Amino acid sequence: MTLWINGDWITGQGERRRKTNPVSEEILWQGNDADAAQVAEACQAARAAFPRWARQPFAARQAIVEKFSVLLEAHKADLTEVIARETGKPRWEAATEVTAMINKIAISIKAYHARTGEQKSELVDGAATLRHRPHGVLAVFGPYNFPGHLPNGHIVPALLAGNTLIFKPSELTPWTGETVIKLWERAGLPAGVLNLVQGGRETGQALSSLDDLDGLLFTGSASTGYQLHRQLSGQPEKILALEMGGNNPLIIEDATNMDAAVHLTLQSAFITAGQRCTCARRLLVKQGAQGDAFLARLVDVAGRLQPGRWDDDPQPFIGGLISAQAAQHVMEAWRQREALGGRTLLAPRKVKEGTSLLTPGIIELTGVADVPDEEVFGPLLNVWRYAHFDEAIRLANNTRFGLSCGLVSTDRAQFEQLLLEARAGIVNWNKPLTGAASTAPFGGVGASGNHRPSAWYAADYCAWPMASLESPELTLPATLSPGLDFSRREAV
């Protein structure tokens, strides 16, 4: 029984699904997808639970969310192993994901009050009050790269605001989704407040097409995000938050501290086997001897990165990709760029055929025409050389995406110029592109999102503002508007 609807664990009536470890092919989870009727049932349960949940005092909702945080801490080792085994990422990195989930609770509570709490301004004849109200029933679509943390970034603020939810994890990480929901169950969520439906494309389409949804919160690919945007077009009454990845540039202007610059590049491009939406996909390196030396050092160090299993000892820097198919897609993207005229600096290599273990690849594309503007979700780094900083900014902005952008330079003025001219929601200076803070908004422009950033700003799309002018008494103004006559006439 792998669906949780209205407080009950039930068996899906849709397609049978099996999840294996992407490296060892060990079977980890088996279950059935939710069919359209069960998706509708989950929505009905969420709708029925909404009035009571929304009327709960905020402190009552907060108490349940904080109990969930306590359970995350108590089961950190178990959840870490589930995430690591299911995604293929190393244990150390899965542990950081669970830590991020725990930290998200306190941050979301602070963000609720800062962004969407209640504010009152005293007026001469009363008060002006700003309150926030939950939307109602929201669908949450989770990704596979951070199957615990990223859905958590929608679920926690949405519950705090008083919404009820239907959560569909990625079909590639059903085990993590189920494990997290079981902790929410133990935290004491009332029946119907949070519902779990497992499944792939058909389940997702059934969920996103429900008439009774009040909104949808999505993290995933641009292609799916655009599809959801088209599907919900003409429905302005529904809130839609899309986080859709990027084709992110990292500019290496000054690599005087060469090993530090190489380390930052590795962290930007290859952490999580290149499966972070903020990962550097395009490396822009200044022409000249220093740039040549930097690239040689990068290729040297990156060539020594050996992906490993989640539980290897010592731990590897990177593990496997989410699937053997994902690894194959990266290989095909590399070969395509070679065919266009790219010069391979470091060839990606499958460690073992049929698994998702893949070594990093680096290819130079300076002067190559018609390079696809796409997010290749894996450890493949494209290199361009540039002559001057204005050209670097032009290259950085030469994408339909706009999630993250970074600069390695000792010149503050160059960073200030980049802040003014970059088209990206995250612009870092001498910090990895993959570094982000939950105390700041997380999101992008262009094809990277629809201006609904998450993290600190997630509270914004989880509630709507209600403005009130209030007075405990009704009084006639001392000064009336022109043309109004309230004098009493004597009866004739």
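For all residues, glycine too, the Cβ spot is worked out from N, Cα and C.
Source: prediction; values computed, not measured.
Here's what Swiss-Prot has on this protein:
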BINDING   Gly220, Ser221, Ala222, Ser223, Thr224, Gly225  NAD(+) binding site
ACT_SITE  Glu243  active site
ACT_SITE  Cys277  active site
Please give me the CB contact count at 10 A for Thr224 (NAD(+) binding site), counting all chains in the structure.
18
Using an 8 Å cut-off from the Cβ centroid of Gly220, Ser221, Ala222, Ser223, Thr224, Gly225, can you name the remaining same-chain residues around the NAD(+) site, in sequence order?
Phe218, Tyr226, Gln227, Leu228, Met244, Gly245
In whole Å, how far does the CA atom of Gly220 (NAD(+) binding site) lie from that of Glu243 (active site)?
6
Counting other CB atoms within 10 Å of each candidate's CB, the least crowded of the binding-site residues Ser221, Ser223 is Ser223
Checking your reading of the structure: which of the recorded positions Ser221, Ser223, Gly225, Cys277 lie inside a 10 Å Cα sphere centred on Glu243 (active site)?
Ser221, Gly225, Cys277
If we take the Cα of Cys277 (active site) and draw a 10 Å sphere, the binding-site residues of Ser221, Ser223, Thr224, Gly225 inside it are Ser221
For a quick check of packing: other C-beta atoms within 10 Å of the C-beta of Cys277 (active site), how many?
29
